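The structure appears below as structure tokens.
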Amino acid sequence: MKSVIFGLQWGDEGKGKITTYFSKDYDYVVRYSGGSNAGHTVMYEDFKVVHHLLPSIHAKYEVGAIISNGVVLDIEQIVLEIEDYISRVGRIPNLCISNLAHVVLPQHKLFDGLLESVKENNAIGTTKKGIGPAYADKVHRFGLRLADFEVDFKEKWNFISHLYKKLYRIEVEGYDGLLKAYEKIKRYILPHVEIIDLIEQNNVLFESTQGVLLDLDIGTYPYVTGANCNTTGIQNGVGYPVKVEKYMGVFKAYLTRVGNGPFPTEAFEEEGENLRRKGNEFGATTGRPRRCGWLDIPLMKYAIKVSGATELIMTKSDILNGFDKIPVCVEYEINEERVSDIKSVVELEKAKPVYEYFKGWESHNSQSFLDFVNFLEKQLKVKITYISIGPKVDQIVKL
């Protein structure tokens, strides 16, 4: 069995918890895109783990973790995560890392921050973790891979340092730190063909980062991440034409966004602050407050279409417990015309939400909540199979 769990919104949908919950049914969880800009928080009964690069494996089961070639790896960060995992869980994770994964360098992080600062009002609002610059150098064909540490690391480091000095006037230290970090993760690194063998021969759960609407190609460009975090990124992200059977799309019962970009259903002032406070909507990676708003049906339809979602999982419905009424955007008004489907996310800049209001609920057992779920299924034409009813990994209900 090959399945994928991915976000249908702008990230922060609760994919980490959902992936962890289902990971016990698989041999490996595979991260295929992104970098340390991801923040997947998993809460157990007695401790919490935040994954930035480590796949969201269940700490209480023997599940393997694979970081594939599509990930850009901050090797100093992964060392910290492994150490933190060991201290909390009490054992070393069964981790395999592709030797073809590219490395995030100190130059990338510094350049990321500088680029945001000079953009001023056009800034994207990145995490400044160097993800975009690392992918850019990969495309420019002077990126550094894990495999290069065993061949000509010093020569490549000097070349990259020379380029950044000449092109951007950026000079940083980092050679010794990278070497030390590499030595600590060397035991986990495998030739990529062996990664493919593991994927071929086992039941695998692919774990996406961010969300479909942040995908480099079909997201709300330019306010996107540097990677293909849609399900279409799996093939490139593992370097193998894998066949996926289940596409599990995760969405929150409301909507959030970090950074800049269009957000038609954004709630402001007291309304937005109430959602942010109740949902604890602060970034796991940066701590930044998330922009909060209401569920957006036209945008969900778009995300489902481009991702191929075969089933849906709703999270954080419990955050809306006790609300008198729940707004849901069912249509947009664009250029004085009503539309229920969008052809392109470019249209979002002009979109004004048209809301339908639903009676609030006290719990997931309330009839008003079940009516809400039935409405969503009719609108989206995809079955909602599970709902998350709390922050802990086992607080999930099958419908």
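The backbone N, Cα and C atoms fix where each Cβ goes, and this holds for glycine too.
Here the structure is a predicted model, which means the values were calculated and not measured.
The GTP binding site annotation in Swiss-Prot covers 11-17, 39-41, Arg290, 316-318, 388-390 and rests on sequence analysis. Gly11 (GTP binding site) falls within neither a helix nor a strand when secondary structure is assigned with DSSP, and so counts as coil.
DSSP gives Gly39 (Mg(2+) binding site) a coil state; it is part of no helix or strand. All chains included, 20 other C-beta atoms sit within 10 angstroms of the C-beta of Gly39 (Mg(2+) binding site). The annotation Mg(2+) binding site is assigned in Swiss-Prot to Asp12, Gly39 on the grounds of sequence analysis.
When Cβ atoms from all protein chains are considered, those within 10 Å of Asn37 (IMP binding site) total 29, not counting its own. Sequence annotations record features per position, and here Swiss-Prot assigns IMP binding site to Asp12, Glu13, Gly14, Lys15, Asn37, Ala38, Gly39, His40, Thr127, Arg141, Gln210, Thr225, Arg288 based on sequence analysis.
For Asp12 (Mg(2+) binding site), the same-chain residues 6+ apart in sequence whose C-beta sits under 8 angstroms from its C-beta are Gly39, Gly211, Lys252, Thr256, Val258, Glu281, Gly283, Ala284, Arg290. Summarising the annotation, Swiss-Prot assigns active site, proton acceptor to Asp12.
Long-range Cβ contacts of His40 (active site, proton donor) within its own chain (separation 6+, distance under 8 Å): Lys15, Gly16, Lys17, Thr19, Val50, His51, His52, Ser56, Glu207, Thr209, Ala284. What Swiss-Prot records for His40 is active site, proton donor, and it gives sequence analysis as the kind of evidence.
In the three-state DSSP assignment, the secondary structure recorded for Thr286 (substrate binding site) is coil. Non-local contacts of Thr286 (substrate binding site) by the CB criterion (under 8 A, 6+ apart in sequence, same chain) comprise Thr127, Val258. The substrate binding site annotation in Swiss-Prot covers Ala284, Thr285, Thr286, Gly287, Arg288, Pro289, Arg290.
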Neighbour-count leader, CB within 10 A, binding-site residues: Ala284, Ile389: Ile389
Three-state secondary structure, which DSSP defines for Ser317 (GTP binding site): helix
Nearest of the binding-site residues (Asn37, Gln210, Ser317, Ile389) to Gly287 (substrate binding site), judged by Cα-Cα distance: Asn37
Minimum Cα separation from Asn37 (IMP binding site), reported as the residue among binding-site residues Pro289, Ser317, Ile389 that achieves it: Pro289
Secondary structure at Thr127 (IMP binding site), reduced by DSSP to three states: coil
CB contacts for Arg290 (substrate binding site) [other CB atoms within 10 A, all chains]: 21
